[in-house]
Amino acid sequence: MDRRLDPGLSPYRTFSRAEWAALRRDTPMTLRPDEITRLEGLGVHLSMQEVEEIYLPLSRLLSLYVAATQKLFRAMSYFLDSRDSEANGDGKMPYIIGVAGSVAVGKSTTARVLQALLARWPNTPKVDLVTTDGFLLPNAILEREGLMDKKGFPESYDLPLLLRFLTDIKAGRRPVRAPLYSHFFYDVMPDQYVEIDRPDILIVEGLNVLQTTRPPKDGKAIPFVSDFFDFSVYIDGDEDVIERWYVERFMRLRATAFKDPLSYFHRYSQLTEEQARATALSIWRGINLPNLMDNVLPTRQRADLILRKTGEHEVAEVSLRRL
């Protein structure tokens, strides 16, 4: 199914891979081959060429955006004739980047690459990364509410906690704690947190970070997660391609992490290859695909930038929202 944007109607300017790569200009490569290898996700090959042609131009763009936002913040502080009490001690407001997209599309890899590249720019030396997985409701609550089969859907998150976290980040409070999630145990870890302390940039990666709800009829303001973003990226791909990525990842996990008896998914390691593939397809088509079509994909148009991938996890096209 072709879901590419109609250039005649789109609020985006779309670039071919070659056109986008040319926008790197003289941006230097700041990552070594071994560092790039360590940034790869499970089943997501990341080449030096991909970083040079896709992510270096994007890091250059983001560096310009961050510098402009910092300048705007200083102008606002000057206008108010006082240092904003919500600013960090150095007069900077954390710049927040959202990364959205389907399960298995490569969000985490994109987020890690951006974190590594942006931390090399002189005006943003401290770049932190959190995933919204930590803001999922604990399994005990999901089971009690009958939501285990809806894990990853908007209703499975502790939205007030996530909004409070982002509010504290934007207010410059320190440190701010985000709950820690374990994919091994498939649950939020009790009393375990990651501390975020005055980053120049915070990258927030998750399925539904661009999600909105219907506004109330009384006009009361309801914040969305994306209201706190200064820039957002959506990782796109055709459903049949993402399905293949999901199944391939499931099969790799079956042969590795799932073999540990303590793993939440250990039972899947006992399946035959045919049974495992059938199980992966069932999970994808029964849970992840409906979530993609009903909740994730409709938010694509809210992103500032869309990276459209081909079957080998290579970006073929980039769409940048017009100013």
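Count begins at 1; order follows the chain as displayed.
A Cβ is built for glycine as well, from the same backbone N, Cα and C atoms used for every other residue.
As written in Swiss-Prot, here are the features:
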BINDING   GLY101, SER102, VAL103, ALA104, VAL105, GLY106, LYS107, SER108  ATP binding site
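Locations of recorded Swiss-Prot features on the structure.
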{"residue": "GLY101", "record": "ATP binding site", "CB count, 10 Å": "30"}
{"residue": "SER102", "record": "ATP binding site", "CB count, 10 Å": "26"}
{"residue": "VAL103", "record": "ATP binding site", "CB count, 10 Å": "19"}
{"residue": "ALA104", "record": "ATP binding site", "CB count, 10 Å": "24"}
{"residue": "VAL105", "record": "ATP binding site", "CB count, 10 Å": "26"}
{"residue": "GLY106", "record": "ATP binding site", "CB count, 10 Å": "25"}
{"residue": "LYS107", "record": "ATP binding site", "CB count, 10 Å": "23"}
{"residue": "SER108", "record": "ATP binding site", "CB count, 10 Å": "20"}
Requested in this report: Write out, in the order they occur in the sequence, the residues of the chain not among GLY101, SER102, VAL103, ALA104, VAL105, GLY106, LYS107, SER108 that have a C-beta within 8 Å of the mean position of the C-beta atoms of the recorded ATP site.
Outcome: LEU207, ILE235, ILE242, TRP245
Query raised in the report: DSSP on GLY106 (ATP binding site), three-state: which is it?
Result: coil
